[in-house]
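Below: one structure, written as structure tokens.
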């Protein structure tokens, strides 16, 4: 598949047109970030990422740091326009943070654009933005980027036949877009790098979400992958050549009242999760905890990627069940009041 750089001059900041979508839909997007970027996105005591979460009504988080790895994964999910807006806020936050450094030149690209990393997928595919591409040199430092992580099947949808769709995205939104030629390690996912002003990137992501939704290749959750991407191998930060073969472990704490839902009828839900992630998961009551109403779900495996996937899916199942019960309580209260 042809994935040559599709470039266009970056448009001036402002509000680029957004497509009028009749229906709203749920969307999850993942982006690759460096350790330094992750730290700036999270902010002091998590205040920055909490504000992004609350302002956009999304679930947003960053994967744990893996020793020896220089990358982390940012995941945001919710109504598709909210997801795109939350990523806009992420890019804006990074630009504000890097542009406040004393080394930043007012008439040069942001320091955010000049970083180099040991993990090749963190480095830019696109060339740095140029002063020749915009009218106001002071706006050069406000051009940002994002590294979306997309399945190869989804990428085909985004590019379109003979690159027609990706060209349309570039022309409509005034951004630059390019896809990595290589897959992320041990996965069938690739990087889709988008460069431009934050609100233009946000509009582009909305259009991408609409395209994937219409083509029915959107990832709503790990448990609800469409049939054609059921065997998707998702990327997670991990060491390509582990120092040893020791077991990797992770633990998820689950309130006792939610244990049944996590296990499923006759344990089928948990068994399905074990098979999907190729891990061992054992649920046991916390005997040493001050709160004896908590169960430990201990995940073990020889592959860190699989363990992290199982941990993420368990946490998502728990959050979903908590929200379902809270919604049921709210509906009951509303019925009794009326």
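Residue 1 is the first one shown; counting continues down the chain.
Keep in mind that glycine also has a Cβ here, set from the backbone N, Cα and C atoms.
Keep in mind that TrEMBL annotations are predicted by a computer and have not been checked by a curator.
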Legend entry - Matching range for TrEMBL feature annotation, coiled coil, among 280-307, 308-335: 308-335
Legend entry - Per TrEMBL record, range annotated region 'Disordered' [choices 1-22, 23-44]: 1-22
Inset, instruction - Kindly report the helix/strand/coil residue split of the domain 'K Homology' (142-213) according to DSSP, in that order. - result: 38 helix, 20 strand, 14 coil
